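Copied from TrEMBL, the annotated features are:
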| type | residues | note |
| --- | --- | --- |
| BINDING | Leu7, Gln8, Gly9, Arg22, Thr67, Pro193 | substrate binding site |
| BINDING | Cys26, Cys30, Cys33 | [4Fe-4S] cluster binding site |
| BINDING | Trp32, Cys33, Asp34, Gly69, Ser110, Pro111, Lys112 | S-adenosyl-L-methionine binding site |
| DOMAIN | 13-193 | domain 'Radical SAM core' |
Amino acid sequence: MEHFYTLQGEGRFSGQAAYFIRLAGCDVGCVWCDVKESWDTEGHPLFTTEAIVTAASAHPGRIAVITGGEPAMHQLQPLTDALHAAGFRVHIETSGSSTLSGDLDWITLSPKKFKAPLEESLQQANELKVVVFNKTDFAWAEQHAKNVPEHCILYLQPEWSKRDQMTPLIIDFIQQNPQWQLSLQTHKYLNIP
């Protein structure tokens, strides 16, 4: 669908240079999704793996983030192999609702209420990022935190349109539950892709 060089705006690698590869297609359908244009696989330009890796390699950053849509709907092994061969660490952001493929160095699991994550996805997560849209999302986040590995970093992130209402609640929650950390969509605050 698209690929571009920017800063990672969320989670553990926030603020680091990264090459984003957004794949079209999503079967989750979050009502608050900020890239609904990625849901449909039709009508987007197609890029070869070679073209993506060549474009990414033109930049000095060596983190590649595969996102979507729901990138796990695709067979990722050829892309992850080519990115690794070019010296990239390969990250993915996924809802965990589909089986992961490819050789991934970092897995951001962002489960959605609309389609539950697979148990195997929960076990593979390096970070759990729960988007907080309303107050009930805190209990939902805690339920998922019980099912990820002990080393998994736990993040709460306000849904962008509700950030003014949810951020103070997240701060209060984290102060009472310090195993959680705050993730902000810093790229949106900075007005970068």
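Sequential numbering from 1, following the chain as shown.
From the backbone N, Cα and C atoms, a Cβ is placed for every residue, glycine too.
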Between Thr67 (substrate binding site) and Pro111 (S-adenosyl-L-methionine binding site): CA-CA distance (Å):
14
If you measure every Cα to Cα pair among Leu7, Gln8, Gly9, Arg22, Thr67, Pro193, the residues listed for substrate, what is the largest value in Å?
15
Going along the chain, which residues six or more apart from Gly9 (substrate binding site) have their CB under 8 A from its CB?
Leu184, Gln185, Thr186, His187, Lys188, Leu190, Ile192
Expressed in Å to no decimal places, the gap between the Cα atoms of Arg22 (substrate binding site) and Lys112 (S-adenosyl-L-methionine binding site) is 18
Fill in the CA-CA distance, Thr67 (substrate binding site) to Lys112 (S-adenosyl-L-methionine binding site), as an integer in Å.
15
By a three-class reduction of DSSP, Pro111 (S-adenosyl-L-methionine binding site) is assigned coil
Over the domain 'Radical SAM core' (13-193), what is the model's mean pLDDT?
92
